[in-house]
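Swiss-Prot annotations:
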BINDING   121, 125, 126, 127, 356, 357, 358  (6S)-5,6,7,8-tetrahydrofolate binding site
MOD_RES   230  N6-(pyridoxal phosphate)lysine
SITE      229  site 'Plays an important role in substrate specificity'
């Protein structure tokens, strides 16, 4: 028998302390990891709901368990809103994560051991786009394209040359650390030239796309995936959508998710996705995404004024990649120094990085989370100046302590969740 006043604090104080400390960390530290964001209390409410108790293998109206009449409604709302948000004719909201959504696409469209062509992890791609440490590089023959050394843009000529040479079954667009705008139409043309499927992982820019501020890949790709957190600011999860109007592909995708890769869906997370999609359809969400872009540009301006190199010479989305090779600072050391001052970033490889992925020569910075808590251009410029102060004198304890105090004061002015 349960009562509503049961709680973690009295039952498991050790765990509750860790959870409480994480709440404090999120409130008192500045979050600049480009893939992290804060979801709304409405999304949190759905994630903590009793829908977590319901098993619902299958799809709405076609379940293997009874008692699914209400979770069917929740999942159908999520499906319909996802399609509306991105102009798609198909949506599968069941993937537990972006990587599992990507795995389902591979399973649906590529023969075991088949050839794929994706963006190099070292140039800003993702593990699941053909990296040798991922299923995408272990179970498939993966080839990699990258950035042009002079322009910092995707090297489409190299991409086309590799596509013609290797004849991949699938070409993958999308990235985890690229600050430019992708020419989806050109990539589809290359895919058509070699008879390949064109698959886009838009996880990092899905929120910008939903707001109409970044080119939508749905009209060009056979299949598109995304996470539902990051710029979408929803729960941690995955999504597959398409506008190709090919029912055979849709059927393959559904089968690849269930039963091919997953069993029962997480109905509480699917409900949270439905909430997040409704939030993303609002006018306020577009304003938020506009501010994300404005803050990213402000960050670039300060970094370049202070003599720091930004990969691709700027940004056209929510993130930027800081190249520290000329400063002779490792990404690992920069990450640690900023973390000590309560500024959370992540070390990241840069193009032609001489250091290992465990050390790196760069930092990836993103503005979705700081914008979500209300930082504007003024606050972003001040913050970026503090970052430069630390990197200018990375072992200076006085600078670190001063910035930590400034961070604490700024965070107090802009709480993540106001009381």
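Just so it is clear, glycine is given a Cβ too, placed from its N, Cα and C backbone atoms.
Sequence features annotated in Swiss-Prot and their locations in the structure.
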residue	record	Cβ within 10 Å
121	(6S)-5,6,7,8-tetrahydrofolate binding site	24
125	(6S)-5,6,7,8-tetrahydrofolate binding site	24
126	(6S)-5,6,7,8-tetrahydrofolate binding site	23
127	(6S)-5,6,7,8-tetrahydrofolate binding site	16
229	site 'Plays an important role in substrate specificity'	25
230	N6-(pyridoxal phosphate)lysine	27
356	(6S)-5,6,7,8-tetrahydrofolate binding site	11
357	(6S)-5,6,7,8-tetrahydrofolate binding site	13
358	(6S)-5,6,7,8-tetrahydrofolate binding site	10
Measuring Cα to Cα, how many angstrom lie between residue 229 (site 'Plays an important role in substrate specificity') and residue 127 ((6S)-5,6,7,8-tetrahydrofolate binding site)? 18
Nearest-integer angstrom distance between the alpha carbons (Cα) of residue 126 ((6S)-5,6,7,8-tetrahydrofolate binding site) and residue 230 (N6-(pyridoxal phosphate)lysine): 14
In the three-state DSSP scheme, residue 121 ((6S)-5,6,7,8-tetrahydrofolate binding site) belongs to helix
